[in-house]
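Feature annotations, courtesy of Swiss-Prot:
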ACT_SITE  Lys110  active site, N6-AMP-lysine intermediate
BINDING   Asp30, Glu31, Glu32, Tyr33, Asp34, Ser79, Gln80, Arg131, Glu165, Lys280, Lys304  NAD(+) binding site
BINDING   Cys398, Cys401, Cys414, Cys419  Zn(2+) binding site
DOMAIN    573-648  domain 'BRCT'
Amino acid sequence: MTKEEYDLNIEKLISWANAYYVFDNPIATDEEYDKLARLCLAYEQENPKLSHPNSPNKRVGGIVLDGFIKASHLSRMWSQEDVFNTQELEDWIKRASKVNTNLEFFCQPKFDGASLNLIYENGILKQAITRGDGTVGEDVTNNAKTIFSIPLEIEEKSLIEIRGEVVIKKADFEKINIERAKNGEQLFANPRNAAAGSLRQLDSNITAKRKLFFNVWGIGQNSLEHKKYSQIMEYIYSLGFERPQMQTLASNIEEIESLYHKFISIRNDFEMMLDGMVIKIDDIETQEELGYTVKFPRWSCAYKFPAVEKTTKLKAITLQVGRTGIITPVAEVEPTLIDGSTVSRATLHNFDEIERLDLKINDEVIIIKSGDIIPKITKVFFERRKGDEITISRPTSCPTCNSEVLDEGTMIKCQNLDCPSRVVNSIIYFASKNCMNIDGLGNKIVEQLFNEKKIYDILDIYSLKYEDLQDLEGFKEKKINNLLNAIENTKGSELHRVINALGIEHIGEVASKQICLEFGLDVINKDYDSLIALDGFGEQMANSFIEFMRVNKNLVEKLISIINPKVEIKKEVSENPFKNKTVVITGTMSKSRGEIKSMLEDLGAKVSSSVSKKTDYVIFGEDAGSKYDKAIELGVKLLTEEEMNSLF
């Protein structure tokens, strides 16, 4: 076979593979495909340097791993802000319009699958990482290479992250479950679970057989210079990625609503599961000005489909005790299939909600579920009552430790700090992904260790030894070593992660970062006045933090001595023209807006997204637009990029 013949045969193989795996429309028999693939493979083995970068032979599974290793995203994979109705959408647009009143919106289908980040360097697929906690995920590169809708090589040579959703088509999902039923295996609940499970197979042969599909929805780190998000996406599709159906630009809320309702009308006919529509501000400069909250970009939202309603029956109420002692009622209902998954429990929030609904055991009720939202009861059919309904009473004692509870109306609390449920849930929270991220220390393992009297509090995690675990059910050598290594790896974590992991009421990730940056290790000794003086730190937060430290200070001190956390040093900014000044950036400059923003913040400036009388400087480049005009109108001092640089 000559090189020219080989290239032609590879193009034919790629065409056949795409027809089968991507478009579900085979144009060659298995025998024809296998025969040609073997011929090409023989050529590749003899001429490895001449092999085609996207040869289907490079996608074949065969690698079996012991486990997945952790890998970091180059830039964070953010969550999406959810909106559920027209009013919430209007509110989101109103917030975005404060930066730019002339908005265009890039709308695309929201696929219900498993998020994946592809890292290409010099045009080669180097790594594929699951979302994980948004910062660190799992390396599934070998499995990603078996997915035919993921190019192994692209023409873009700069370092770039291309992100999307791994899904399974509904028809393929049905075939997989039929096969699993024949083999006596547990069925997948829905296509999303099947896609996520298939992507995380240790044996890439299994992944290769599942006909996974990759839908691009965005990018992470990149050096592209397009001014519109829609232009970026068109470029990404030109690199060999599939373009989703019904992706378009909208100029106003009416056009967005029209497209959204089209999605709703065809969602059941769509070949893949959808759970909404993603809306993004199209202008890149506006995206940069809007920036991010702690959880999601302000320039993007997910317009979720309406919740699916079903009728079921309330069988019982289970009481759950959280780490702060709050007792939450959970509805146990007759198992009901909703939107592809079986629901047997629903949230009730608190006992005020039970009283508002006038809910009784044995009532027939309406239960709703939408995507990831926890199912909840919205209505009781009073007219269907038969007389065997049982009134639900507010608890007077803790269901776990039997201590007397404090009933504050909306909240009912167990005040016993040694309550087993409080202790277990505090340990679970401490070890969770968004806190200390101790892989292998999930809910069931924590409960097992607590029940076996191996741990009694957070500190005991760090005293665990091999011999403590070797006789426990389900613990083998590898599992024990992995857990002990995961615990050891938390040592040297940032101080704010440790404080956040303590689960102090009203003190979340943002507040933890703020107080740790301000006070360092001395944070545990701070009084009310010191805390309340911080910007955005309210009375409730300060009182909660002080009370927690009063009760648990000894434990926290020991924990800090064991973990020896990293302390971020607050930079002391020397006097300069930008210190404590409010600055607005507009227009195109030689450096990116993000770089300039970072430089100014390092100098002690507050970079704002809008011009007002309180603005000290507006720094402008080419195509400055309305912010430049507003600065002139208000008499705000204007600086060119050169003038700004001269002040550094």
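Heads up, the Cβ atoms here are built off N, Cα and C, so glycines get one too.
Features recorded in Swiss-Prot, as mapped to the structure shown.
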residue : record              : Cβ contacts under 8 Å, 6 or more apart
Glu32   : NAD(+) binding site : Trp16
Asp34   : NAD(+) binding site : none
Gln80   : NAD(+) binding site : Lys110, Val278, Phe296, Ser300, Cys301, Ala302
Glu165  : NAD(+) binding site : Phe111, Asp112, Gly113, Ala114, Ser115, Leu116, Phe214, Asn215, Trp217
Cys398  : Zn(2+) binding site : Val321, Ile327, Glu404, Val405, Cys414, Asn416, Cys419, Ser421
Cys401  : Zn(2+) binding site : Cys414, Asn416, Asp418, Cys419, Pro420, Ser421
Quick one: DSSP breakdown of the domain 'BRCT' (573-648) into helix, strand and coil?
26 helix, 18 strand, 32 coil
I need the most crowded of these binding-site residues: Cys414, Cys419. Count other C-beta atoms within 10 angstroms of each C-beta and give me the top one.
Cys414
DSSP-derived structure type at Cys401 (Zn(2+) binding site), helix or strand or else coil:
coil
Give the helix, strand or coil assignment DSSP yields for Cys414 (Zn(2+) binding site).
strand
Considering the recorded positions Lys110, Lys304, which residue's Cβ sits among the greatest number of other Cβ atoms within 10 Å?
Lys110
Can you check what DSSP calls Glu165 (NAD(+) binding site), collapsed to helix, strand or coil?
strand
Assigned conformation of Glu32 (NAD(+) binding site) - DSSP reduced to three states:
helix
